[in-house]
Amino acid sequence: MNKAKRLEILTRLRDDNPNPTTELNFSSPFELLIAVLLSAQATDVGVNKATAKLYPVANTPQAILDLGLDGLKSYIKTIGLFNTKAVNTMKTCQMLVDLHNGEVPEDREALEALPGVGRKTANVVLNTAFGWPTIAVDTHIFRVSNRTKFAMGKNVDLVEQKLLKVVPAEFKVDVHHWLILHGRYTCIARKPRCGSCIIEDLCDFKDKTE
Ligand code: SF4
């Protein structure tokens, strides 16, 4: 795909949604970090339901530690893989208290050192809580980038590198959300909704649907 097409795609996505953000509910970097940690292989809607009850009771590392492991589990047991996520959340909270004065560090290495936090989660937190121009590549972004030929790559790391290279600076902070939302609601996995896609004429996918 050439530069002009990419620019037009980004411009249309921006015109359609000038201030995109995550569908996870949060009111602090810590709430976002825990919500993203809980969202692996789960829906944002499911995570929001759980955190709507958890955060009014405990929305700091110390408050979650005070709940105890079983106390935390009682709030998140509707989320897939909740046992592992509860253990990782407790360990992460302990590290935040011990090493970062209970704050979420604005630092990639420190974030990725937290249990249950990988590159993708660190990218989301740096981008959405702190405004860094990072691009977290999840399953939706991976699919949309390859299908449209906007930024092709065999794995998520290669797609991330390609996106960082081809997306102009003015779009970098928001491109992560535009591509996720496009993949979640229009360029869906099973049968993309090409007929109602605002970038259909620019997309290079060979097997477009009606
Ligand atoms: S035209 Fe179809 S394949 Fe291309 S981005 Fe739109 S929905 Fe996805």
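Each position is counted from 1, following the chain as shown.
The backbone N, Cα and C atoms fix where each Cβ goes, glycine too.
Residues or ranges marked as [4Fe-4S] cluster binding site in TrEMBL: Cys187, Cys194, Cys197, Cys203. Within 10 Å of the C-beta atom of Cys203 ([4Fe-4S] cluster binding site) sit 21 other C-beta atoms, taking all shown protein chains into account. In the three-state DSSP scheme, Cys203 ([4Fe-4S] cluster binding site) is classed as coil.
The domain 'HhH-GPD' annotation in TrEMBL covers 38-185.
Counting other C-beta atoms within 10 Å of each candidate's C-beta, the binding-site residues Cys187, Cys194, Cys197 are led by Cys187.
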